[in-house]
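Student: Below are the features I grabbed from TrEMBL:
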BINDING   His143, Arg144, Lys159, Lys166, Lys167, Glu168  substrate binding site
Amino acid sequence: MSSLEISSSCFNRETKLPLFPPLVEDSAFEPSRKDIDEVEEKSKDVINFTAEKLSVDEVSQLVMSPLCGAVSLFVGTTRNNFEGKKVISLEYEAYLPMAKNEVKKICSDIRQKWPVKHIAVFHRLGLVPVSEASIIIAVSSAHRAASLEAVSYAIDTLKAKVPIWKKEIYEESSSWKGNKECFWLSNPRNHRSLWTHDYSILWIRFLSGLGIQINITDT
């Protein structure tokens, strides 16, 4: 008797074989929760002005995404010198209502210009000692070019448009300064929008910081 005949004899005549193989549930064919989360992940803009010490790691984590292959950062820190003077620390102040709106506009502009995923802009207020971060900007994107260009645009535009002042504190003196790139300080006569309520407040606060007394009278 051949082996084929032996194998065949093992089946009873009444044995019924299914016409189709049974369906077996296999998780390999179903999308995992992680895959679903990645597909549903929404882009986010995280904007924060805080008196707390900034952490590069924490801000970086906010923009991390499995959909991205690049995270670009700009970290601005307090240096210990300015024009031959020893700097002890910097002190930052911002007109928050307008500052937040301007940063939101920057994020919106970035999304129109580059295919980025997440954006985080953190700025510290109050005293910032030497070597500590005053600003961290983080952007994630699928490829590095987009996030690198977006970060550069973000810091340049922030310096030019966001109402933030810094006071440089030296060993024996101090000095309030606006960003030299700031358009409303460059030549105010060229900007009609400066005479709105918000910009009037900016000028009063900036000049007051310089020790210039402001008297407002009706004309």
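Note that Cβ sites are derived from N, Cα and C of the backbone, with glycine treated the same way.
Unlike curated records, TrEMBL annotations are generated automatically.
For each listed feature, how buried is it and what is near it?
Tutor: Counting only same-chain residues six or more apart in sequence, the Cβ atoms lying under 8 angstroms from the Cβ of His143 (substrate binding site) belong to Gly69, Ala70.
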Student: Taking 10 A as the limit, how many CB atoms besides its own sit near the CB of Lys166 (substrate binding site)?
Tutor: 19
Student: List the same-chain residues at least 6 positions away in sequence whose Cβ sits under 8 Å from the Cβ of Arg144 (substrate binding site), in sequence order, or say none.
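Tutor: Gly69, Ala70, Ser72 - these are the non-local Cβ neighbours of Arg144 (substrate binding site), listed in sequence order.
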